[in-house]
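Notes follow once the structure below has been shown.
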Amino acid sequence: MNAAVLHQSVGSIQLCGCDNSLGSIKLSGNSSLRFFSKGFDTGLFQSGNCNYRPFTLRIIHASTSHSSVVDQASTSDLGDSTIDSPKSSGEAALILIRHGESLWNEKNLFTGCVDVPLTKRGVDEAIEAGKRISNIPVDIIYTSSLIRAQMTAMLAMTQHSRKKVPITIHTENEQAETWTQIYSEETKKQSVPLITSWQLNERMYGELQGLNKLETAERYGKDQVHEWRRSFDIPPPNGESLEMCSKRAVAYFRQHIEPHLQSGKHVMVAAHGNSLRSIIMYLDGLTTQEVISLELSTGVPLLYIYNDGKFMKRGSPVGPTEAGVYAYTDSLARYRQELDQMSSF
């Protein structure tokens, strides 16, 4: 279901897809219905395409709200995790982090959607990323469904000055929702919801996954492998092109993440080289030629400021004392001032 359907359609719902995430439907007036899909097909791709199957929708509750179409489940179980973040200016921070080095990065293997953890170096990179963003507010976290991205986000948050605990939101079934409830309002305030989504996964490399990159170049030729890796619309055998990855990643960003920024919430996204390239292509308005030459280092956070419908790129924070990062917006400056006042006690 794309963003246009969510924002424009009132009475029709497309009952097919491959997203098992929780969402909401905007109805007439100020009413909204929350829903989630059941029966997620784990066989996501065939020749790089998503296998669609029908959704089973279950109404959780109906409510009246002034908010736009937003994934309300992301914070419902944790209370108001944004209590410390000023929102009056309409400014919000967006932090993008490519995961730290994985065990297959270290071995120079095509990883794609294979679920591989971080190396010791990757762990250190994630911790260093956390130090760089330790004084930037984080209200909600999005990661891919892959462990290397989730590890990166969790480790980065161990360095955050607010000491809030990232908690993965489980909505896969009613029991998971019930069993993961938090019953302390104070604990909710000291928590940050973490949402996982396969749409933020690395692009699926098809029959290249698990192969050594150098050996693959010797087998198929350097030019062919370079075309698979760096072209925009040519997929590897039975895999995804960057264009295909971009369609799912950007659609998810616009549907689930951007509404949070519009409402003034500060968001961190920990994902992968190609899914983040796709999002940056959207944020910066890059051409297909510009995006294929975009290189993202592992474990280096990038900061964007969302203000009045526009994204302003601010590069990578040098460290927690980098005053310039907080001077870009009034809300971040006030946030930093609050932190300084807290540390003085």
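In case you wondered, yes, glycine gets a Cβ from its N, Cα and C as well.
Among the features that TrEMBL reports, substrate binding site is placed at 98-105, 111-112, Arg148, 202-205, Lys213, 229-230, 273-274. TrEMBL lists His99 with the feature active site, tele-phosphohistidine intermediate. Annotated active site, proton donor/acceptor per TrEMBL: Glu202, in sequence order. Sequence annotations record features per position, and here TrEMBL assigns site 'Transition state stabilizer' to His272.
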Using only C-alpha positions, which one of His99, Glu202, His272 is spatially nearest Gly112 (substrate binding site)? These are the recorded positions in the record. Glu202
Run through the Cβ atoms and count how many others sit within 10 Å of the one on Arg203 (substrate binding site). 27
Give the sequence-ordered list of residues that share a chain with His99 (active site, tele-phosphohistidine intermediate), lie 6 or more positions from it, and have CB atoms under 8 Å from its CB. Leu118, Gly122, Ala126, Leu146, Arg148, Ala149, Met151, Thr152, Ala270, Ala271, His272, Thr298, Gly299
Could you say which of the binding-site residues Gly112, Gly273 has its Cβ with the most other Cβ atoms inside 10 Å? Gly112
Counting Cβ atoms within 10 Å across all protein chains shown, which of the recorded positions Glu101, Glu202 comes out on top? Glu202
Here are the recorded positions: Arg98, Lys213, His272. Which has the lowest count of other Cβ atoms within 10 Å? Lys213
Using a 10 Å radius on the Cβ of Trp104 (substrate binding site), the other Cβ atoms enclosed count 19
Determine, to the nearest whole angstrom, how far the Cα atom of Lys213 (substrate binding site) is from the Cα atom of Glu202 (active site, proton donor/acceptor). 16
Just the number: how many Å between the Cα atoms of Trp104 (substrate binding site) and the residue listed as 'active site, proton donor/acceptor'? 13
The residue listed as 'active site, proton donor/acceptor' to Glu101 (substrate binding site), Cα to Cα, whole Å, comes out at 14
